[in-house]
Structure formats: C-alpha cells, structure tokens
Amino acid sequence: MSFMHKTIWHLIVFLLIPVFYSEDQRCRLPITEPKGMTQPGDIMIGVLLPLHFEKVYQTFLFNEKPPRIKCTMFHLESVQQLQAVRFALDEINKNAEIHPNITLGFRAYDSCSFIQYDLEGALQILTGLDRHIPNYRCSSGAPLSSMIGTPFSIHSVLLASVLGIYKFPQLLYYIKNVRFRLNNEKEVYFDKNGDPPAVYDIVNRQLSPTGNMRFVKVGSYDMTAPPHNIFTINTSSILWNSGETQVPISVCSQSCTPGFWKAARKGEPVCCYDCVPCPQGEISNHTDSFNCVKCPWDMWPNPEKSSCLPKPIEFLSYEEPLGTTLACTSTISSLVPVIILKLFLQFKTTPIVKANNYSLSCLLLLSLSFCFLCSLMFIGFPKPENCLLRQAAFGMVFSLCVSCILAKTIMVVFAFMATKPGSNLKKWTSPWMSYMIISICLLLQFILCVTWLSINPPFLEQNIETQPSLIILQCNEGSPTAFWSMLGYLGLLATISFVVAFLARRLPGSFNEAKYITFSMLAFLSVWVSYIPASLSSQGKYTVAMEIFAILASSWAIVFCMFVPKCFIILFRPSMNSREYVMKKGQTMK
C-alpha cells in the first residue's frame with residue numbers, strides 16, 4: 001500500500017474516534033433492541049414472529065432520542081405458531097432415533113410486524129447475544145442451524161438477502177418438492193409457484209348478544225376437495241353489519257335486468273341510473289344494457305322484452321269459432337233459396353206464383369243463393385286471386401239480385417198503368433223489358449268493376465300498422481273510392497226500388513208485391529247503412545266479419561220479406577192460392 005493510501009486510512013480512523021467515544025450521544029441513531037425468548041439446546045434455531053400485530057408511532061424530534069415504537073394488539077395466531085415450534089422441537093428431542101444425544105433449542109424474537117425489528121432480531125440471533133453486530137459471532141454457545149423467518153414477503157426478501165451473506169441456505173427451494181399426507185388424509189404439496197394447496201375457512205365476524213365479537217365459520221375454500229366442493233358457503237349463516245341475514249344493498253342502483261335499459265340520472269354520479277322499460281317493439285337481451293334494439297318487422301318482443309318472437313298471423317280462419325260459424329251460416333243459408341225455388345217449380349201453375357212474375361222470381365232466388373255463397377270468399381287464408389275477385393263478385397251478384405227486384409217493381413207499376421183506357425204501356429210489360437232493365441243495371445256495375453280492377457286492383461297486404469304486435473293478412477281494396485262507389489251503386493238501385501215500391505204499395509191487385517219489396521229494400525238499406533260505421537270502427541279480421549254479416553243479413557232480409565209470406569200461403573193456406581179466392585178478392589177491391 002502506498003504512503004498516500006496509508007495516510008488517508010489513518011485520517012478516517014482518527015476522525016471516527018470522537019464519534020465512538022464522545023459522551024454526547026444525541027447525534028447517534030439509537031437502536032431499540034427487541035426482547036427475545038430462548039430455549040437452550042445443542043443446536044439453536046432462530047424464530048422471528050410478529051407476536052404483536054399493530055404499532056403506535058409517536059412524534060419525535062431529531063435532536064433527541066426517538067421514543068420506542070409501541071406494539072399493541074396481541075396476535076394470537078403467532079403465539080400458536082410459536083407454541084407449534086416448541087411442540088415440534090420437544091417431540092424431536094424426545095425421540096432418540098432422530099437426533100441421538102443432540103438437543104434442539106430456539107431463540108425467538110417478536111418482530112411486531114415491523115421490518116426494522118425483523119432485521120435486528122436476525123442480527124441478534126447471528127451474534128448469539130442481545131446485540132446486533134454485523135459480521136461477528138460473539139457467542140461461543142450452540143451453533144445456529146436455521147432461522148424461521150417472518151410471514152411477510154417483503155420482510156422475508158430482506159432477511160434472505162442478509163442471511164445469504166452468511167451462507168444460510170433457503171429451504172424454500174427444497175421444500176417445494178415435498179409431497180405427503182397428514183393423518184386426516186389431506187395431502188401437502190407445493191405447486192410450481194411454491195404455493196401450497198389453498199385451504200381457507202371463510203369466517204364471519206359477528207357481534208354476540210353479550211357484546212363480544214366472535215368469528216363464525218360460514219364456508220370454506222379447499223383446493224384439495226372435489227371440484228363441486230372447492231368453494232362452499234352458507235349464506236343463511238352470514239350476519240351483515242345491519243344485524244340481518246339479508247344482503248345489504250351497497251350500490252346506488254340495482255342492475256337492470258333484460259327488458260330494461262340504463263338511463264342516467266341528471267346531476268348524479270354515473271353509477272346512479274334508472275332502469276327504464278324498453279319502448280314498444282324493442283328489446284334488451286342482456287343485463288345493464290345502455291339501449292334497446294328494435295325487433296325486425298315480422299317479430300315482436302316477448303312479455304319480458306328480452307327476446308324477439310315471430311309475430312302471430314291473423315286472418316279470419318275456418319278453424320276459429322267465428323269463421324266456422326259464418327261459413328256454416330253461409331252454406332246453410334244458400335240452400336234456403338234453392339228450396340224455395342223448388343217449391344215454386346212445384347206450384348208454378350198456382351195463382352200466387354204466376355201473379356208475381358215467375359221467371360224473375362226464379363232468377364232472384366238463384367242470385368240470392370249466390371249472394372249467400374259469395375261470403376265464403378272472405379273466409380280463410382287470403383290469396384292474391386281471392387283479393388282480386390271477391391269484391392267484384394260480391395258487387396256483381398248483389399247487382400243482379402237488386403236489379404231483379406227493381407225490374408219486378410217497375411213491372412208492377414207498368415202493369416197497373418197499362419190497364420187504364422188509352423194507355424200505350426202495354427207493350428212495356430213484356431218479359432224482355434224486365435231483362436233489359438236487369439242487363440242495363442248489371443252492365444253499369446260491370447263497367448265500374450272492370451275499371452277498378454284495371455286501374456287500381458285489390459291486393460294481398462301484410463298489415464303491421466293497425467296492431468304492431470300482429471301481422472294482419474288482409475286484402476287491401478286498392479282504391480277505396482272504387483269500393484265505396486260499388487257499394488254506393490248497390491245503394492242507389494235499392495233506393496230506387498224502395499221509392500217505386502213505396503209509391504206502388506196501394507195499387508190494386510190480388511198479389512201486389514210492392515209492399516213486400518218496400519219492407520225488403522228498407523231492411524236491405526238499413527243493414528248496409530249500419531255496415532259503414534261498423535266497418536270503419538273495426539280492425540283486422542273483424543272488418544271482414546262485419547262485411548260477411550252485412551251480406552248474410554241483407555240477403556236474409558230479402559228472403560224473409562219477399563218469399564216467406566208466399567211460402568206460408570202455399571204450404572199452410574192453400575185456400576188463398578186458388579182462382580176462386582183471387583176472383584173474390586179482386587171483386588172486393590173494386
């Protein structure tokens with residue numbers, strides 16, 4: 001060593017002498033020495049445990065000795081661990097087969113869960129005295145074989161660094177490979193990370209009626225248990241801070257279930273919101289949704305608004321009670337005019353049949369049968385061809401029916417006026433006149449229907465506007481103006497027939513039909529006038545049902561008012577259907 005280096009070392013030692021021998025110790029950092037517990041032995045084991053768990057720090061100034069850190073709150077679990085060490089060493093010492101003639105002892109220190117006390121305790125164990133002098137073994141007693149460190153990781157890392165300097169190996173690397181079973185058949189081992197199988201008791205701290213705090217086991221977490229029993233908990237045993245077993249609500253708002261969306265509350269934190277039901281036709285299919293999604297046009301939300309379901313399809317079906325009733329009524333009703341026609345054919349030579357224009361009566365009865373049957377075109381699954389033709393067929397058949405009545409009415413008036421002296425109307429009372437009136441009336445309705453079907457024909461429509469939750473299969477009339485014009489034309493024919501028949505109701509004659517036509521046309525007009533508001537106020541299949549009802553009711557009005565009285569005379573009053581009765585009645589009226 002050079003002269004310069006020796007001079008510097010001498011100077012450093014000279015400067016440090018006043019520090020070690022000065023009587024004024026105020027500038028020295030005092031060391032608080034932890035107290036230990038010793039059990040003598042031939043070989044000693046060091047133990048560092050936090051027998052106290054909490055610390056009280058006191059304020060101090062740097063110009064005086066800092067006060068001792070007070071350790072509070074006795075840690076029962078650490079005491080149990082210390083007793084476990086004593087018990088293990090006693091059992092080993094009692095067994096002569098393990099270490100014959102060798103006694104194990106220990107020296108334990110309370111670290112107070114304070115890293116400074118851990119380090120001081122480790123150094124005191126290394127020196128063998130109650131002094132912590134690094135790099136010195138001041139005791140000639142039993143050698144130190146190992147040290148059981150603190151349970152805290154950050155403290156263990158520091159102690160491992162210090163003990164590594166003195167060649168104390170860490171057994172952690174070797175203990176990772178052990179694997180054995182305890183008396184209760186539980187297996188002890190360590191995974192690749194050095195962690196043992198996790199076994200925990202889940203405890204609930206509860207206040208007893210006497211005011212004491214107790215720990216109650218409410219569940220467990222055991223990685224060595226079967227998969228379905230790894231985590232178990234008895235929620236009914238948990239006593240919450242409110243003193244009840246009901247889980248307290250610790251959020252500003254509950255979670256929004258499917259079918260609701262989260263609407264933020266104005267002026268409140270983002271965790272506070274209202275659960276608002278999804279609007280009509282929209283869904284939310286997951287919890288805490290921020291918005292709702294609209295269902296496709298052919299689907300509708302379920303009652304919970306959590307999923308979309310196919311919309312039911314509605315139409316007037318043959319399978320439902322309403323459709324079955326109307327279909328049966330239409331079919332049975334269509335047989336009534338046929339039966340009356342057969343009766344007229346059987347008694348066609350009688351005065352009551354001959355006096356009421358036999359040929360027109362037969363044509364009228366046939367048209368009435370078709371009027372009843374045309375209502376069947378409105379029942380069942382709507383098809384494009386049905387939609388195209390059903391209203392036109394209805395209009396043409398009813399035009400034939402009402403024009404026959406109009407022709408009968410006009411012919412009654414012409415027949416009476418032709419009997420007056422000097423009248424030229426006798427040539428107008430021939431049958432061809434009746435058929436010409438019917439043809440003209442049918443032609444006008446035919447032109448109207450052809451124009452309608454050519455310009456803006458009816459078509460099949462899937463209506464989702466009337467009832468959003470349904471798909472209503474219906475026939476769109478195409479042109480409402482054309483439809484109401486067709487009905488208006490029927491009303492015009494019926495009105496003319498009613499007026500002419502009303503004026504001719506008092507004309508003389510044995511079987512004057514004017515009064516029967518008056519009542520039948522009055523009933524006919526009443527039905528169809530009532531149909532207008534009923535149709536406009538109904539929706540879906542009930543609109544179709546209202547039109548079918550109007551068709552059946554108006555047809556029955558004609559049958560009942562015009563033909564039932566005649567059938568009654570033919571079947572039950574044959575004396576009134578004789579030539580003698582007719583002659584007598586004619587003389588009486590004169």
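Counting starts with 1 at the first residue shown.
Cβ atoms here come from the backbone N, Cα and C positions, even for glycine.
Just so it is clear, the model here is predicted, and its values are computed rather than measured.
Taken from TrEMBL, the feature signal peptide covers 1-22. For 322-345, 357-381, 393-414, 435-455, 482-504, 516-536, 548-572, the entry in TrEMBL reads transmembrane segment. Per TrEMBL, domain 'G-protein coupled receptors family 3 profile' is recorded for 322-586.
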(request) Flag the pair the transmembrane segment (548-572) / the transmembrane segment (393-414) as in contact if three or more Cβ pairs fall under 8 Å (sequence separation 6 or more). (result) yes
(message) Counting Cβ pairs closer than 8 Å, which of 357-381, 435-455, 516-536 has the most of them with the transmembrane segment (393-414)?
(response) 357-381
(message) Do any residues, 6 or more residues outside the transmembrane segment (357-381), come within under 8 Å Cβ-to-Cβ of it, and if so which ones?
(response) 315-318, 323, 326-327, 330-331, 333-338, 340-341, 344-345, 348, 389-390, 393-394, 397-398, 400-401, 404-405, 407-408, 411, 431, 434, 438, 473, 544, 547-548, 551-552, 554-555, 558-559, 562-563
